[in-house]
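Per Swiss-Prot, active site, nucleophile is recorded for SER100. What Swiss-Prot records for HIS125 is active site.
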Amino acid sequence: MTVFMSDIRMAAQGGPGFGNDVFDRLLSERIIFLGSQVDDEIANKLCAQILLLSAEDPTRDISLYINSPGGSVTAGMAIYDTMKYSPCDIATYGMGLAASMGQFLLSGGTKGKRFALPHARIMMHQPSAGVGGTAADIAIQAEQFAATKREMAQLIAEHTGQTFEQISKDSDRDRWFTAQEAKDYGLVDHVITLAEGPISN
């Protein structure tokens, strides 16, 4: 079976090709937009878009704009791993709110190409998860949750230049940052004004 780029583009957007749809137009400029809670459906769309743009031109940057309260850890990690798998540099832009998994993806962009708009707010905290079932099931889930917490703290430490211990301490409760504070902390590299901000590659 032959799969064409237009088919992937259609699947990524959940509808037919470019037309007048604003998100299709953005995709044609190599701009991806995460503007909702992170779940499996959103993750599948974003992963497909990253893979599509990587296949179309592996030498050009992809811009990921983030205005998200966070969401599923596993869905977010699927996006993160696809970002790292792509041969393209992924420039990330925090706008509005980049919280929880939104913060994680923002700081996971290509070093030197992580931006925050001036009035963006960034929030970092430890991952959360509900547990249930038998006592044995709860113990297994708690062990997995602790491992995920350590893994994410280590990755954030690598992306920010902070120590693992500092990230673990700061993310124990909700930690809020202004755009400038996020830059000072290492979550982003630049704070840009609306006039300065690059819109496309």
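Backbone N, Cα and C atoms are what each Cβ position is placed from, and that goes for glycine too.
In this structure the alpha carbons, written CA, of SER100 (active site, nucleophile) and HIS125 (active site) are 6 Å apart.
Considering only the active-site residues SER100, HIS125, the Cβ with the fewest other Cβ atoms within 10 Å is that of HIS125.
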